[in-house]
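Student: What follows is a single structure, and I will ask about it in a moment.
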Amino acid sequence: MDIDYGKCWDTSKKSWKSTLILAYQSLGVVYGDLSISPLYVYKSTFAEDIHHSETNEEIFGVLSFVFWTLTLVPLFKYVFIVLRADDNGEGGTFALYSLICRHAKVSLLPNRQVADEALSTYKLEHPPETKNSSRVKLLLEKHKFLHTALLILVLLGTCMVIGDGLLTPAISVFSAVSGLELSMSRDHHQYAVIPITCFILVCLFALQHYGTHRVGFCFAPIVLIWLLCISALGLYNIIHWNPLVYKALSPCYMVKFLKKTRKGGWMSLGGILLCITGSEAMFADLGHFSYSAIQIAFTFLVYPALILAYMGQAAFLSKHHHTIHKIGFYVSVPDCVRWPVLVIAILASVVGSQAIISGTFSIINQSQSLGCFPRVKVVHTSAKIHGQIYIPEINWILMILCVAVTIGFRDTKHMGNASGLAVMAVMLVTTCLTSLVIILCWNKPPILALGFLLLFGSIELLYFSASVIKFLEGAWLPILLALFLVTVMFVWHYATVKKYEYDLHNKVSLEWLLALGPSLGITRVPGIGLVFTDLTSGIPANFSRFVTNLPAYHRILVFVCVKSVPVPFVPPAERYLVGRVGPAAHRSYRCIVRYGYRDVHQDVDSFESELVSRLADFIRYDWYKTHGVIDEDDGSRSGASSGECRLTVIGTLAFSGTAAFELEDNVQPASVSVGFPTAESVTDVIEMQPVERRVRFAIDNESEVDSREEMDAQLQEELEDLYAAQQAGTAFVLGHSHVKAKQGSSMLKRLAINYGYNFLRRNCRGADVSLKVPPASLLEVGMVYIV
C-alpha cells in the first residue's frame, strides 16, 4: 500500500483545528515521558550525594538548575532549533544523518545514483553556500575516516535511544508505584512494588500492537489530566507554603549550590538531568505529528505545568525539613487527594513509557531501511497516517529486558543513573549532528554552529560527566547495551557494503547475456522472471549461477533492485526507474524500485501487478520515442553500459495539458511529462538526464482515435508477450548468500563476518520474507561471498 506521504508533514495546508487535534494527541505519545519526571527528579537528586538543610540552599539550587535546564534544552534547543532540522517532516538521529548525507558526500551506503537527487523529496531549497560552509563540506568529503566516524556517532546515538526505550518505562512505572510506600507498611511495600510494576510493564508492551494513533487518543486525556493535576498541586504548594519560592529561579542560586555542595553537588547533577528525559522524543516522534503541533503543546501546556510542579515541590520542602529522608513527589501531595493522584501518576507513567517506545520503533525502522540494522518485521498500524509502526520482535525484547532491569535494580537511584546517561548521550549526538546541519544544510556561518555546539554541548557534557562518574551504580547498563548494539549494527552495515562491492566486481557483461540462446542449450520458458539484485546496473553474478545450474530462463526477464534512498518518502509517481537491458527483442528490462526510510513497502501481489503496469507504460513510452513522437534535440543516452537504455521514471500521476508543446529546461536534471492517449489509464513518464536539453513533443490529436490501428506490430507483440507472461506466472529469483572473510583477513574481521554477520543473517528475516514472496514462486540461488 502507498500511504499519502505528504499529509504527515505538510502543515501549511492544515487548518488550526487539525493542528490543535494533533497537539492534543501528541500529549499521549510525545510528552508522557517528559511530564512524569517530577515523580523522581528530587528523589534521585537527594538520594545520596547531597542533603536538604535548614538554609534551603540545596533545594533552591536544585530548583534553579531544573528551571534553567528545562528552559535551555527542551524549550530553546529542541522546540525552537532542533525541530526545524527535520528531514521532510521526519525527526530523529537518522533523519539528521540522511539530511547531512544529501548535502555532503559522506554516506557509506552503496548503490547511490545521480537520478536519486532529482526526487522531489531529495531537493531542498536553502540559501546559497557560503565560502566557510564549502570548506567544512570539502573537509568532510575528503577524509574517509570522517565518514566512518560520523556513521559510528549516529549508530551510538541510535543505540542510546534504544537503551532509553528500555530504561524509561522501568523508572517511570517504578517511581509511580513507589507512592504506595506512604500508604503501606515497609514489609508489604517491599513485596508489592516490584510485582505491580512488572505487571503494568507487561500490559503496556502488550498494547503496542494497537498502534500509536489509537494509543495516542486513548492516552492523551490521561496526560492532560496529569499536567493539570501537577499544575494545581504546584500552585497550591506555592501559595500555601512559600510564595517567595520564585526567587530560586535566579541563576545565582546555582552558583551558591555548587559553592556549598562542591563535588556532591556536581555528582547530584545526574539526578537533576532526569527533568529533561523525554525531550528527545519530541524530535524522534516528529514524523507522527507536526512541528506546529509539538511546539504548541510544549510551549503553552507542558512547559508551564512542569515549572509549576517543580516550584510547588520546592516550596513544600522548604518548609518541611523533617522530610529529609522522604524527599519525593508524594510527600508534597495533600493526604486527602493522595490516592487519586497515585492512580493518575501510575496511568501517566504508562503513557510516559509509550513516548520513548514509539521513538524506539521509529529509529530502528529508519536504521533498518538505511542498511544499518538486521531485518525485522515492521507493521504499519495506520493505513492513513504515516510513521505509525509496531515492531513485534523489538517490542517483546524490550519488555523482557525492561522487566529484568526492574527486578535487578529495584530502586530509583540506579535506574536514574542508567537512564540519565542514555538521555545525555543521545542529546550530545543530536547537538553534534545539528551543528553540521546548520553549516551544511542551512548554510549558516560556522561560528553560529560553533556557538550552538558550545552552548548546548557544554551543558550536556556537564550532566554527562556527572552520569559517567556513577558507572558502577547503574550507568554501566546503557554503556554495555550501546557497545553491543553498535557492534551489531556496524557489523551488519559493513558486511552489507562489502557484499555490494563483491556483486559490483563480479557482475556479468551484457554481451554474455545476449549470447545465451539455443546454441548453448539455453531455452526461454513462459512467464516473468524477477531477478532481485542490489546492483543498479549490469547483470548480477547470481543470475549467471542460476543459468549455469538450470539452463533456462523466463521469456520476460526483469532485473529488480529494491533500494532505499536517504529521504523519508519517495512519491509513488517517482518510485519506478525502468529501462531496457539489450535490444527490444530480448525482452529483458531493468527496474529500480526506490523507497524512503519511512515508506511502506508493497506486498508481493500489488508489487507484481504494479511492476507489470509500469513495464507496459515504459514500452509504450519507448515506442513513442523511437518513432519520433517525442523529438529530443540532444539524443545522448546515459546508461550503465553500452546496450542498456537510459532509465526512465514511470509514475502514476494524471497528465493534463495540451497535446503538443515545447519544453525548454535549463535546470538539470530535466523532468519531462508525457501523456499517452493509448494507455488504459493516463500516466506520467519522467525521464532523467543530467544535461541541459530541449525536448519537443508532437502528439497528433487524431492519434486518440487511430492509435490502435497505427501502433507498430513490434509494440503490439511486445505488450502481448508481457501480458501473456504475466498470465503464465511470475518467479522470484533471489540470492541465498553465505559470506566468508578472505584468506589472510585479520582475526577481528573473521570473527565479525564468519560468525557475527552470518549468525545475524540466519536469525533475522530473510529477503523472501521481507518481500513477502510466496514459497511456490521462489527460486533461491546459493551464493558464497568472499569479502
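Cβ from N, Cα, C; glycine included.
Annotations for this protein, taken from TrEMBL, read as follows:
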TRANSMEM  21-42  transmembrane segment
DOMAIN    22-514  domain 'K+ potassium transporter integral membrane'
TRANSMEM  62-83  transmembrane segment
TRANSMEM  145-168  transmembrane segment
TRANSMEM  188-207  transmembrane segment
TRANSMEM  219-239  transmembrane segment
TRANSMEM  264-284  transmembrane segment
TRANSMEM  296-317  transmembrane segment
TRANSMEM  337-364  transmembrane segment
TRANSMEM  385-409  transmembrane segment
TRANSMEM  421-440  transmembrane segment
TRANSMEM  447-469  transmembrane segment
TRANSMEM  475-495  transmembrane segment
DOMAIN    526-785  domain 'K+ potassium transporter C-terminal'
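Quick one: how deep are these features, and who are their neighbours?
Tutor: Sequence-remote contacts of a segment are chain residues at least 6 beyond its ends whose Cβ falls under 8 Å from one of its Cβ atoms, and for the transmembrane segment (264-284) they are 30-35, 37-38, 40-47, 49-50, 61-62, 65-66, 69-70, 73-74, 78-79, 82-83, 91-93, 161, 164, 168, 257-258, 294, 298, 306, 310, 352, 355-356, 358-359, 362-363, 416-417, 419-421, 423-424, 426-427, 430, 462-463, 465-467, 469-470, 475.
Long-range contacts of the transmembrane segment (447-469) within its own chain (CB-CB distance under 8 A, at least 6 residues past either end) are made by residues 69, 72-73, 77, 81, 266-270, 272-273, 417, 420-421, 424-425, 427-428, 431-432, 434-436, 438-439, 475.
Beyond its flanks by at least six residues, the transmembrane segment (475-495) meets 108, 151-152, 155-156, 158-160, 162-164, 166-167, 270, 367, 371-374, 405, 417-422, 425, 467-468, 739, 752-753, 756-757, 760, 787 of its own chain at Cβ-Cβ distances under 8 Å.
Averaged over the domain 'K+ potassium transporter C-terminal' (526-785), the predicted model reaches a pLDDT of 72.
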Student: Going through 21-42, 219-239, 296-317, 385-409, 421-440 one by one, which has the most CB pairs that fall under 8 Å from the transmembrane segment (188-207)?
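Tutor: It is 385-409, which has the most Cβ pairs under 8 Å.
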Student: Looking only at residues six or more beyond either end of the transmembrane segment (296-317), which have a C-beta under 8 A from one in the stretch?
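Tutor: Non-local partners: 19-20, 23-24, 26-27, 30-31, 34-35, 37-38, 41-42, 52, 59-60, 62-63, 66-67, 70, 74-75, 79, 224, 227-228, 230-231, 233-238, 240-243, 245-246, 248-249, 275, 282, 323, 327, 329, 331-332.
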Student: Residues sitting near the transmembrane segment (219-239): Cβ under 8 Å, six or more positions beyond its termini, same chain?
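Tutor: Residues 24-29, 31-32, 35-36, 38, 245-246, 301-302, 304-313, 315-316, 332-334, 341, 344-345, 347-348, 350-351, 354 contact the transmembrane segment (219-239) from elsewhere in the chain.
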Student: Out of 145-168, 337-364, 385-409, 421-440, what stretch is closest in contact terms to the transmembrane segment (62-83), meaning most Cβ pairs under 8 angstroms?
Tutor: 421-440
Student: Looking only at the recorded stretches 145-168, 337-364, 385-409, which one has the largest tally of CB-CB distances under 8 Å to the transmembrane segment (421-440)?
Tutor: 145-168
